[in-house]
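Just below is one structure, and these are the notes that go with it.
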């Protein structure tokens, strides 16, 4: 009965959020809609990160890498389509006179989309398999993943002729033959992103409800015990790590279409930490929390920096500190506050009504 | 040959700077387990302290004693950063022991606040700090083989700090208490150690070391609000590759990244060198998942 | 069960409240677009109000804030001066400042916000090429107007951007010619690892080949690189006649401090920098830079009556210790140039302003600059300067007058093949 209730509350919240998002284009101007399209991509990453961090207890500070791989694969296709058979502009001023072989197949949109998913997953499987079977855990894994983000950023910037360097890939014209700046295209991309978000949310919901989800939680709470119980924990970790990379890759591909630019600044160390922040602020270990966190933190960041361009860093910094200190469960744990207040009130009533006869009990409660 | 020796010295010098910058982190992160993303900002605090001290010297004291500013700056940058660390520990970090991931996020927020504060106080552009004149020359040994006094001074300073920390941690009662608290908080408390005070003091020492390093960094690099961001990843790598919680590990980490990094840089480019050395760190962790000098521990879960 | 759902409803209500308040949905925009295609994002509709909104888009946080905040200050100063003098078309200018946060995607987001939400008449902003490239599609697809205040690598001429800083032929090319004549033929190329240095150096390499010079080294360091001893050793090893330096930001501080530590002086191996101006010099420290060369179009010491006035006004507004430099001056000029174009056009409509802008002259602090109507760059004088003991820059050489901008280097035979665009 109790679990039943819990599921209902978050399900309603999820439904409300997704409905609000779906209705967004009807009451918000176009450019805000595009912004939320971007935030939804972030929500997808946050959802994936929650699977490995909130559910499995692995803190990755390098998911910008997978996001970036997905985004760059998609961007290569968009750039080739914009160049229309010519050499992309940055290649010519970087001294290339022919399209590099690795770029050629990306002219095909199907291949590009497939790669946007396959490359992150493949890399995650390799990295995950190595690190998890070698039992790299805890902060050691976190710092290792941060090194990956650093490597990724440096490599992208360093190979300007192939990746556009610090400028990244931008100035796209069309996507699947449609004008990328047309409002209709943008609305379609918005709804595609929303659909993907809902589907992935459902997938995570499904997984966490199955035995897989239980094993992941068991790994988080006591990896060795889970191992002794006969589960190959490394395999489960590789699986969930690849799953989150898969989601980050998809998010990257969707991001590029809507935002129209991907550059090393979006995949390095700083954005990777920000991704973790969305999850933490929203509430890790719940599925709707990270989605809410990604949407809320980013809208807040936008609002704060529009209104206080000089001072917004203070707000965001203070927000992190306050939320983590006083709401360790994230914003989602606010839903427990009315219940807590009621419990306190009940306690108070019981205390006052039975103060005379039940003094020992009262001290027992207090000392708790 | 000259080039090789020069390069070797460069590597050692970079290692000593890394070690300086990472020593504070070896305490706050390695010993205390706080993933202190604001470590870079403590470097920045130390650097700005040196800047202020220098300005005061120029404004109020005769030019003849200018060079003495560096001694005052070294002491003050340690103190200012330590006090700031102490306050921070009391107000915030205190609530986060055992919540490593949360400590990362909170200190990230703090680093944003400190950066913006530096911008509000000192302005966005970099500020200039002049090194004391006796450090501005170099010891020319032969041909192009010349060792800048600054580098030698920082090397000595790093070694001095290292032994200071070693002496404090392993040769004093205070240090024994610190190690006891970090290893088993409850047991230490039961034996009468005031764990709260030890926590504050340890965090203050770690922050102070960062401040001191920041002061040294003013002689060789830029002093601006984002100074810390240039060092934060490197210092974490330094502590982790050697094994968090081990001083010797940090020395090894600094040497590995410093000498290895400059060697890679010499034979390739700065970007590729950086990529290669970080790849080496990742590879090394595959074989020693808790760093080279992992602290041995019989606990199954930690 | 009710209690749980209550919390959920409160949460979603908060979310809904934060989303609401904006009206006129995107869906209606689509239908609008289909029925009435003529409307552009910015322009004529503003004419009826008594103030004109202009956007300012620079990094106020993050690593680029060290350079960009001062340009913003100069732009605000120019806006203030214009307002005091009666405004533009009799209307006051109302600046809308946004923070690009040193992040390309944020720049793009804010550019969209300025154009679509605030409907500003024009935007002054950006510093890095990366941020300019990021906002370029936004300005083109919404027919906005951007005034870009920094020297850059060229190979671009968007009809929606006016380039107030130097094109390569107004800084890099004459600087290399000067160095070739005065210092020698062996050049070492050093830059930060991003687009401007790499592209600038690919121009330099072509030019060096043409001049019979020898490139003895080429190094790029990641942004935020802090240790230059290895590269300095390489420089000492190959002994070039001069170092052509395109490092950016913090890296310059580390490089020059360590250059001096290594016992190198400009007398031994001279350097020429194209990203160090007075403000950067102050951050590095004059004692480390004294005697080194830089190339720009303007210095604080430039001797014109307009500059005297500008430096005084800038210091009066922001403090005696502040310095002016080339990008700051260009940001200041940009506002005046746009104002002049608007006055000439009689409207803020982007197409008409662009039409009117060609040939407009402005007596800038650096001397008279003229907008080239074809590529929307400026005719500018070129100056080589030497850093002095106070951290200011003394001119050591200059062109006779303004140089015609040539972003694609079409007038140079050796530059063929650098750009196959257009």
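Every residue gets a Cβ built from N, Cα and C, even glycine.
Some features that TrEMBL has for this protein:
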{"type": "TRANSMEM", "residues": "B:12-35", "note": "transmembrane segment"}
{"type": "TRANSMEM", "residues": "B:42-60", "note": "transmembrane segment"}
{"type": "TRANSMEM", "residues": "B:66-88", "note": "transmembrane segment"}
{"type": "TRANSMEM", "residues": "B:152-170", "note": "transmembrane segment"}
{"type": "TRANSMEM", "residues": "B:203-224", "note": "transmembrane segment"}
{"type": "TRANSMEM", "residues": "B:236-259", "note": "transmembrane segment"}
{"type": "TRANSMEM", "residues": "B:266-287", "note": "transmembrane segment"}
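The stretch in closest packing with the transmembrane segment (B:266-287), judged by the count of Cβ pairs under 8 Å and taken from B:66-88, B:152-170, B:203-224, B:236-259, is B:236-259.
Long-range Cβ contacts of the transmembrane segment (B:42-60) within its own chain (Cβ-Cβ under 8 Å, at least 6 residues beyond either end) map to 21, 24, 66, 68-69, 72-74, 76-78, 80-81, 84-85, 114-115, 118, 122, 127, 129-130, 207, 210-215, 217-218, 223, 225, 227-228, 231. Contact check: the transmembrane segment (B:236-259) against the transmembrane segment (B:66-88) gives fewer than three Cβ pairs closer than 8 Å, residues 6 or more apart, which falls short of the contact criterion. Just going by CB pairs under 8 A, the stretch in B:12-35, B:152-170, B:203-224 that sits most against the transmembrane segment (B:66-88) is B:203-224. Outside the transmembrane segment (B:203-224) by six or more residues, the chain places 17, 20-21, 23-28, 31-32, 34, 36, 39, 42-51, 73-74, 77-86, 88-89, 93, 118, 124-129, 131, 135, 150-151, 154, 157, 161, 165, 168, 230-231 with a CB less than 8 A from a CB of the stretch.
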